[in-house]
Amino acid sequence: MKGSEEAYLVSDKATKMYSLTKDSEKNHPSKPPLQDEENPQSKYHCHNNNKKAYDARQREQTFAKKKLCIASLICFVFISAEIVGGYIAGSLAVVTDAAHLLVDLSSFFISLCSLWLSSKSSTTRLTFGWHRAEILGALMSVITIWLVTGVLVYLACERLIRPDYTIDGTVMLITSACALGANLVLALILHQSGHGHSHAGGKHEHMASEYKPQTNASIRAAFIHVIGDLFQSISVLISALIIYFKPEYKMADPICTFIFSIFVLITTVTVLRDLLTVLMEGTPRGIHYSDVKQSILAVDGVKSVHSLHLWALTMNQVILSAHIATDIVGESKRILKDVTQNVFARFPFHSVTIQVEPIEDQSPECMFCYEPTQ
């Protein structure tokens, strides 16, 4: 290839910019920035398309922090009320619900810490930054749900085996009704819905793919916590109504705790699957490998695509890397630009890395160039 080979690594807007060259600047004087072939006056930078993704990420984090702070305050107030009410009533179900709220509060703090970490700049050791801290925090929150639910199921079984306890139905009913109201408020605060639209620049665009932005991982984990508590609160209210009208049916307290604990565990399955997909660097839900490949092949001059990888740093920070082969080596710059702009226009990628290669350099026997299995 003519000239020295150069590679550029440019960080996000909030981080420092680095330029790594194979040869030192002493041997090669600084060159003017690359310009568009058709219009020498216009400049094309490889990260021009990342601004929307960066701005969306900043809005997402600010929005998530605000929701988590409000939810934490409300959660703390109702935890205090439930602990006092459950102690007075002698109800395991009420104390169980308070324990769930306490775990929720802890998960909110974990989520806030992970959001703070994920906003830190990248380093030479962590070149992607701390984005995965958000995923790890969400995973920790899900694990705490399983642990606490397991403890509560054990306590419910103990009460079924040894029914030597009394319950104040009136206090239990009042407390459980307040708890249900608290969880409904928390669910409304943490609920998020999104659509695959971009409103940047006053435009209203639709992505060509079926991808829809997923909920922030921290908010999603917190929401799952609250949904679990909502199920638990419903179970407490049901058992409270039974005990209030039929005090001799106090077994309803541990039975409802046991039954609704199963529903709590079921609510974590989907979010746990998505978190593990991110950690395993799997293709994010809603983005199809074949669609991305076809959009690259549709660019004039691209003859083949291999080493195509799709993964995500967080739920909504999707990354693409690929090698493309062309028989028009003289237009490598134009092909690189067209492919990059095409995939950014059709898919919500946070970062795209494309390597252009001459088609005669391809090796059919190369194991790294094989098409992935279904």
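Just so you know, glycine gets a Cβ as well, placed from its N, Cα and C.
Keep in mind it's a predicted model, so treat the numbers as computed, not measured.
Here Swiss-Prot flags 1-67 (among others) as topological domain 'Cytoplasmic'.
Feature annotation from Swiss-Prot assigns region 'Disordered' to 18-48.
The secondary structure of Cys369 (Zn(2+) 3 binding site), as reduced to three states from DSSP, is helical. The C-beta environment of Cys369 (Zn(2+) 3 binding site), restricted to residues of the same chain at least 6 apart in sequence and closer than 8 Å, consists of His306, Ser307, His323, Gln362, Ser363. The Zn(2+) 3 binding site feature in Swiss-Prot is assigned to His45, His47, Cys366, Cys369.
The annotation Zn(2+) 2 binding site is assigned in Swiss-Prot to Cys46, His306, His323, Glu357 on the grounds of similarity to another entry. For Glu357 (Zn(2+) 2 binding site), the Cβ neighbour count at a 10 Å cut-off comes to 17, with all displayed protein chains included. According to DSSP, Glu357 (Zn(2+) 2 binding site) is assigned to a strand segment.
Cβ atoms under 8 Å from those of the transmembrane segment (68-88) belong to residues 94-95, 97-98, 101-102, 104-105, 108-109, 111-112, 115, 168, 171-172, 174-175, 178-179, 182, 185-186, 189-190, 218-219, 222, 226 of the same chain, restricted to positions at least 6 beyond its ends. The annotation transmembrane segment is assigned in Swiss-Prot to 68-88 (among others).
According to Swiss-Prot, the transmembrane segment annotation covers 92-112 (among others), on the basis of sequence analysis.
Per Swiss-Prot, the feature Zn(2+) 1 binding site maps to His100, Asp104, His225, Asp229; the stated evidence is similarity to another entry. Counting Cβ atoms from all protein chains shown, Asp104 (Zn(2+) 1 binding site) has 28 others lying within 10 Å of its own Cβ.
What Swiss-Prot lists as topological domain 'Cytoplasmic' is 113-134 (among others), and the listing cites similarity to another entry.
Remote same-chain partners of the transmembrane segment (135-155), defined as residues 6 or more beyond its termini with a Cβ less than 8 Å from a stretch Cβ, comprise 92, 96, 99-100, 103, 106-107, 110-111, 113-115, 217-218, 220-222, 224-225, 228, 254, 257-258, 261, 264-265, 268, 271-272, 275-276, 278-279, 314-315. Annotation comment: Swiss-Prot describes 135-155 (among others) as transmembrane segment.
Summarising the annotation, Swiss-Prot assigns topological domain 'Lumenal, vesicle' to 156-169 (among others) and lists similarity to another entry as the type of evidence. Remote same-chain residues near the topological domain 'Lumenal, vesicle' (156-169) are listed as 88-92, 96, 240, 243-245, 247, 250-251, 253-255, 257-258, 261 (criterion: CB distance under 8 Å, separation of at least six residues from the stretch ends).
Sequence annotations record features per position, and here Swiss-Prot assigns transmembrane segment to 170-190 (among others).
Look at Swiss-Prot and you will find 191-222 (among others) tagged as topological domain 'Cytoplasmic', backed by similarity to another entry.
Feature annotation from Swiss-Prot assigns transmembrane segment to 223-243 (among others); the stated evidence is sequence analysis.
Beyond its flanks by at least six residues, the topological domain 'Lumenal, vesicle' (244-251) meets 159-160, 163, 165-167, 169-170, 172-173 of its own chain at Cβ-Cβ distances under 8 Å. The annotation topological domain 'Lumenal, vesicle' is assigned in Swiss-Prot to 244-251 (among others) on the grounds of similarity to another entry.
Among the features that Swiss-Prot reports, transmembrane segment is placed at 252-272 (among others), with the record citing sequence analysis.
According to Swiss-Prot, the feature topological domain 'Cytoplasmic' maps to 273-374 (among others), an assignment based on similarity to another entry. The topological domain 'Cytoplasmic' (273-374) scores a mean pLDDT of 89 in the predicted structure.
Comparing Asp229 (Zn(2+) 1 binding site) with Glu357 (Zn(2+) 2 binding site), their Cα atoms are 55 Å apart once rounded.
Long-range contacts of the transmembrane segment (252-272) within its own chain (CB-CB distance under 8 A, at least 6 residues past either end) are made by residues 91-93, 96, 100, 138-139, 142, 145-146, 149, 152-153, 155-160, 167, 220-221, 224, 227-228, 231-232, 234-236, 238-239, 242-243. Long-range contacts of the transmembrane segment (223-243) within its own chain (CB-CB distance under 8 A, at least 6 residues past either end) are made by residues 71, 91, 93-94, 96-97, 100-101, 103-104, 107, 141-142, 145, 149, 167, 169, 172-173, 175-177, 179-180, 182-184, 186-187, 190-192, 215, 249-250, 252-253, 255-257, 259-261, 263-264, 267-268, 271. Applying DSSP to the topological domain 'Cytoplasmic' (113-134) sorts its residues as follows: 9 helix, 0 strand, 13 coil. Counting other CB atoms no more than 10 Å from each candidate's CB, the binding-site residues His225, His306, His323 peak at His225.
A gap of 50 Å separates the Cα atoms of Cys366 (Zn(2+) 3 binding site) and Asp104 (Zn(2+) 1 binding site).
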